Amino acid sequence: MVFSSYMLPALPYDYDALEPVISAEIMQLHHQKHHQGYINNLNEALKSLDVANATQDLARLIAINPALRFNGGSHINHSLFWEMLAPQGKGGGVPPRHELLKLIEKFWGSFDNFLKNFITSSAAVQGSGWGWLAFCPQKQELMVQTTANQDPLEATTGMIPLLGVDVWEHAYYLQYKNARMDYLKSFPSIINWDYIENRFVEMSKQ
C-alpha cells in the first residue's frame, strides 16, 4: 500500500491577522516550522510503514506507531486549529448562535460559564497538550476535554473536536512567557464560532 504525502495547509488569514492575541512571529513559527516539521516527520513515518508492510516486518510496524500517533495527531490538531481561529472584526470572538449556543447553555448554563470552564481546564493541562470543546453525536452531548501531547481527540476518545486550543509552549511562550492563563484569557476573542457552528451542524447529522 502506497501512502500519499501530506502537505502543509495554507492559513485562511495572514500571519499578523490574529494580533494582538497571537503575534505574527508566533504564527509564522508555529505554522512554517512546527506544523511543517510534524508533517515532514509524519511523511517519513508513512514511508517506513510502507516498507514494513511490504516486508511484513512486525517489529518495525510496532516501532513506527508512536511516530504515527504523535506526528499524525499533530497534523490533525493543527489543521483544525488554524480553521477554528479568525481575526477580530472578521468573525473572531463573535459568540455562537442557533443550536450550538442552545446546547452550550444546556450543559453549562451560559456561554460565559462554558468559556470559564474551557479556559480553566485548558490551563490545568500538565506539560503540553490541548483543550477541547468535544461533541458526542450519539448522545448529542457537549463536554470540555483535554488531551496530552499531540493525541488527537477523536482517535483517542471517540469524541468530535469542535473547538481546540493549543497549550504547548510554542503556541504562546514568545509572547506570554510562562503566563499560559493570560494567553487563554485572550484566546476567546479570536475563536471562529461560525466555522465551529458549521462543523457542529455537519457532525450532529452523523
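Backbone N, Cα and C define each Cβ position, glycine as well.
Record features, source Swiss-Prot:
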type	residues	note
BINDING	His30, His78, Asp166, His170	Mn(2+) binding site
Inset, instruction - Sort out the sequence-distant neighbours of Asp166 (Mn(2+) binding site) for me: same chain, 6+ apart, CB within less than 8 Å of its CB, listed by position. - result: His30, Asn77, His78, Phe81, Trp130
Inset, instruction - Tell me the Cβ contacts of His170 (Mn(2+) binding site) under 8 Å, same chain only and six or more apart in sequence, or just say none. - result: Ile26, Leu29, His30, His34
Inset, instruction - Using the centroid of the Cβ atoms of His30, His78, Asp166, His170 as reference, list every other same-chain residue with Cβ within 8 Å of it (recorded Mn(2+) site), in sequence order. - result: His31, His34, His35, Phe81, Trp168, Ala171
Inset, instruction - For Asp166 (Mn(2+) binding site), name the DSSP secondary structure in the helix/strand/coil scheme. - result: strand
Inset, instruction - Take the Cβ of His78 (Mn(2+) binding site) and count every other Cβ within 10 Å, whichever protein chain it belongs to. - result: 24
